[in-house]
Amino acid sequence: MGCQQSLQGSDVSKVRTIYLNEPIRNNFCKNSISEPEATCYVATSNLDGETNLKIRQALLETAEMQTEQLSSLSGKIECEGPNRHFNTFIGTLYLNGKSPVAVGPDQVLLRGTQLKNTQWILGVVVYTGSETKFMQNSIKLPLKRSTVEKVTNVQILVLFLLLLAMSLVSCVGAILWKEGHGGDIWYIGTKDYSSHSLGFDILVFIILYHNLIPISLLVTLEIVKYIQALFINWDEDMHYEGNNVYAMARTSNLNEELGQVKYLFSDKTGTLTCNIMTLKKCTIAGIIYGNLSNRSDTVLDNLSASPSVITESGAFNDPTLLQNFEDGHPTRDYIKEFLTLLCVCHTVVPERDGGNITYQASSPDEAALVKGMKKLGFVFTTRTPSSVTINAMGENFTFEILNILEFSSNRKRMSVIVRTPTGKLRLYCKGADTVIYERLSDDSLFVKETLTHLEYFAKEGLRTLCIAYTDLTEKQYQQWLMEYKKASTVIQDRRQSLEECYDRIEKEFLLLGATAIEDHLQARVPETITTLLNANIKIWVLTGDKQETAINIAYSCKLLSTKMPCIRLNSNSLEATQQAVNQNCQDLGILLGEENDLALIIDGETLKYAFHPEVKRSFINLALSCRAVLCCRLSPLQKAEIVDVVKKHVGAITLAVGDGANDVGMIQMAHVGVGISGNEGMQATNNSDFAIAQFSYLEKLLLVHGAWNYFRVTKCILYCFYKNVVLYVIELWFAFVNGFSGQIIFERWCIGLYNVIFTSLPPLTLGIFEQCCSEKSLLRCPQLYRISQAGKIFNTKVFWFQCINALVHSFILFWLPMKMLEHDMVLQGGYTTDYLFLGNFIYTYVVVTVCLKAGLETLSWNKFNHLAIWGSIIIWLVFFAIYSFLWPTIPVAPEMTGQVSVVLVCPHFWLGFFIVPIVCLILNLLWTSIRNTCNRTILEEVRKMERGRVQELHLPTAFQKSVKTEHLQLPLSSQLHKVVFQDESVDRSAPRGYAFSQLEQGVITQEELVRSYDATKIKTSKSL
């Protein structure tokens, strides 16, 4: 179903002007542009994660329109209905009095892109709001609740059913008791039971036992989680001083979920990287430059005065290069040709602003190379439609550009044919080592040395390009030119014909060397990834960028290693995908389902087939068997789908982190979404659960705050249930001695204030200040994270064990004082005791016991713990003393009058004050001691070292011992080297690091674009 947009000159709301660097908020059809050829550049990293700029071109029929002409514009646009496909658009522009004009994706700017290298454009809004392709890729926001909360809710429901069962049992007990003692209780005046009285009694017992479900837990957890969120917000270690951004917990409901993450899904561009590329190293004529780590300090001191040192952080820094050039080194001619090639063989456009030259480029790699040459003294100064001019060490050279042989993913190279200042015909080429090496001349030198250097660059995660050239004769060139012109006019398969034509002249290369470009990672990304992997967190990289770039970054951040086999799934059909997946699953055999030192790399097109119902299960099993997974060329919706599939298939806690609008879907889909405040706007941050400024902050967010919060919240929940069961089940035991009459043993206000005052502080201190171990130990030993990750601290088994423990304590707390006062006692003045006398005994023992139980649960003692535990006991005793004298001054609780005078002077009370809590807790203390002695976990090992202040040097041995004890290693992964992979998708070869970002199959060719610029003319942008 299509849609129609009418155009009237008076309706200016549909016409927009977009200026340089302005983000685009609607789907936008261009009418007029300030640049030559009616072209503009747009950054699409927010949509697809690619760093290279895309070219869009206005319709030639409207390219010359200015603002004043819009008043007479009249017509309509008919186009396809709203859909989520970024790369397609079908429409027709109907202008009154003119022929219809086809509108395609090259004339449309999508919401989420940003205008670059273009002063302004005029256009018509086509889709807005939820109809834009960006919003069509969004998902319905799911309701997020932590796993701990879900388990707790189920147990509350079970407790409620248990409460009903207790009420029913009490009703049955009341019936049996009255039938057995009916003749002896004439003073009560009982009547025969009816359905009405039975229902009334059930209601009475429900009210009596209703506090078994801790309603106060909700308030306590809200306070605890809010303060935990404040701790995250205030953490100075997660404060990025570069732009003064603190970490921010945008919700407090998922604090404990940070401690259980098993799968981490990360974007690449802007999340792992900084979107900054610089020339880092190079190899020329078999000599590597930029590797200063192997040179002595004396040499470095002598070279530091050279002007060729590039001082930018992480950039090329080796003055030896220019010293060899200036001192007449035997490789001088190679160096000159190498630097000249990089200044000439590109599609960069220079722009002058006074004496400064700025470079505009669709390829960030080419921009990095040209800027690197500029700082080495080889400056690209001028581009005209037919030539380029460079300034080499102060001397100008002009090269005539004859042909540009464009880059494509199939060719993996880009070439230019030039006429040098001396009149020679020369072909300059840069590209992947695989395509350059197979075209080298037999006379080419330094082949083995360069290959070794390429492997070295790849191990460091650098993006490599081989540099080569060949000289042409006039006859060769003229013959090829005729073939080129013929291929340029072919109607069918023109692109393929051109590539075949390019291939016929790109041969007999002489190798000059190779470049190594660094796609700058954010600070401490490799260290963070290593730490998270040691914490048993599986990391998947989901990006819209090219496969080569993603692989390069994966090596750079140490997610992949050079010895790790890689399964590359790049299929264009369901059958091929199914065959590759099934074959790899079969090859893994018994290792399928186990984590292996293996990487899986797949692109978005293949992923569509992998998610087919016939392949989906096998693909997920294969992916889960790999240590690292890279998914490339993904749409935002595909990212969310991957997260959703892993959530449903594995059942583990997932975390998604990203910084762009294309990451919003997966951030919302994951159990925990983390947004990074990067260069791609705030949409990821605004849709996240937690916001940080750097990827490296995940280390502390998960390993420290996550682990602490999990321990704190789970202990707080278990303790709140424990203390409620202890007190309110006593009413059930009391029912056995009061004839199931519904009589309470405690004073009503004391029951109400139990959770509000007398036992409110211990769960708060457990939830706010508890620490399983120190921050330093958690970061130094990431294996500790596996404790909270496994969820063994809080589950149904642990919950009911705690409830049974509370049931036993309540039994002791009632029946021990009951038997102690079984024969009653006579007080001073001849008074006898009543039920409330016993109730105050028991209530005091309960308060003391549950407060001391909080002490047994506490691992990290501080002044707040002491204040909460001892203070709660003192608060009850003080309240008891005051409350006993309120009546009749204040008309409340007359039955409590004078109770403190008779209770505190009773020797039985003080005897039970010490004995009863000890009897309750002695078993817990013995169980904890035996467990920590005989079955010591890694946590006890670390805590023992902290108590003994063991130095860091002794930690790893103990850690490894503990890890083996808990079976945390993967025994089958060591057998991977025995696996013989029969499918050709598995690559065991050493990486060479090739990666290059460049626009492909644009609306106009790169040659047409660069030939439209003339830097010798003063640029006069068309005004609005």
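Using the three backbone atoms N, Cα and C, a Cβ is placed for every residue, glycine included.
Keep in mind that this is a model prediction, so the values were computed, not measured.
If you look up TrEMBL, you'll see 154-177 (among others) marked as transmembrane segment.
Residues or ranges marked as transmembrane segment in TrEMBL: 197-221 (among others).
Taking all protein chains in view, 26 other C-beta atoms sit within 10 angstroms of the C-beta of Arg463 (ATP binding site). The ATP binding site annotation in TrEMBL covers Asp267, Lys268, Thr269, Glu366, Phe407, Lys430, Arg463, Thr543, Gly544, Asp545, Arg633, Lys639, Asn662, Asp663.
Summarising the annotation, TrEMBL assigns active site, 4-aspartylphosphate intermediate to Asp267.
If you look up TrEMBL, you'll see 686-935 marked as domain 'P-type ATPase C-terminal'. Looking only at the domain 'P-type ATPase C-terminal' (686-935), the predicted model's pLDDT averages out at 91.
The transmembrane segment feature in TrEMBL is assigned to 725-746 (among others). Within its own chain, the transmembrane segment (725-746) has Cβ neighbours under 8 Å at 166, 170-171, 173-174, 177-178, 181, 185, 201, 204-205, 208-209, 211-212, 754, 803, 806-807, 809-811, 813-815, 818, 835-836, 838-839, 842-843, 846, 849-850, counting only residues six or more beyond its boundaries.
Feature annotation from TrEMBL assigns transmembrane segment to 752-773 (among others). Sequence-remote contacts of a segment are chain residues at least 6 beyond its ends whose Cβ falls under 8 Å from one of its Cβ atoms, and for the transmembrane segment (752-773) they are 211, 214-216, 220-221, 223-224, 227-228, 707-708, 711-713, 715-716, 719-720, 723-724, 727, 784, 787, 847, 850-851, 854, 857-860, 862, 864-865, 867-869, 871-872, 875-876, 879, 939, 942-943, 946.
Residues annotated as transmembrane segment in TrEMBL: 794-815 (among others).
Among the features that TrEMBL reports, transmembrane segment is placed at 835-855 (among others). Sequence-distant contacts of the transmembrane segment (835-855) (same chain, at least 6 residues past either end, Cβ-Cβ under 8 Å): 719, 722-723, 726-727, 730, 738, 743-747, 750, 754, 758-759, 762-763, 765-766, 809, 813-814, 817-818, 821, 865, 868-870, 872-873, 876-877, 880, 895-896, 899, 902-903, 908-909, 912-913, 916-917, 920-921, 924.
Residues or ranges marked as transmembrane segment by TrEMBL: 867-887 (among others). A Cβ distance under 8 Å defines the sequence-distant neighbours of the transmembrane segment (867-887), meaning residues of its chain 6+ beyond its ends; these are 749-750, 753, 757-762, 764-765, 840, 843-844, 847-848, 851-852, 854-855, 893-894, 896-901, 903-904.
Note on the transmembrane segment (907-927): residues 805, 808-809, 812-813, 816-817, 820-821, 825, 841, 844-845, 848-849, 852-853, 856 of its chain, located 6 or more positions outside it, place their CB under 8 angstroms from a CB of the stretch. The transmembrane segment annotation in TrEMBL covers 907-927 (among others).
Counting Cβ atoms from all protein chains shown, Thr269 (ATP binding site) has 29 others lying within 10 Å of its own Cβ. Taking every pair among Asp267, Lys268, Thr269, Glu366, Phe407, Lys430, Arg463, Thr543, Gly544, Asp545, Arg633, Lys639, Asn662, Asp663, the residues recorded as binding ATP, the greatest CA to CA distance is 33 Å.
For the transmembrane segment (197-221), the list of distant contacts is 156, 159-160, 162-164, 166-168, 170-171, 174, 191, 713, 716-717, 720-721, 723-725, 727-729, 731-732, 742, 744, 751, 754-756, 760, 763-764, 767: same-chain residues at least six beyond its ends, Cβ to Cβ under 8 Å. Cβ neighbours within 10 Å of Asp267 (ATP binding site), excluding its own Cβ and spanning all shown chains: 31.
When the neighbouring Cβ atoms lying within 10 Å are counted for each of the binding-site residues (Phe407, Gly544, Arg633, Asn662), the highest count belongs to Asn662.
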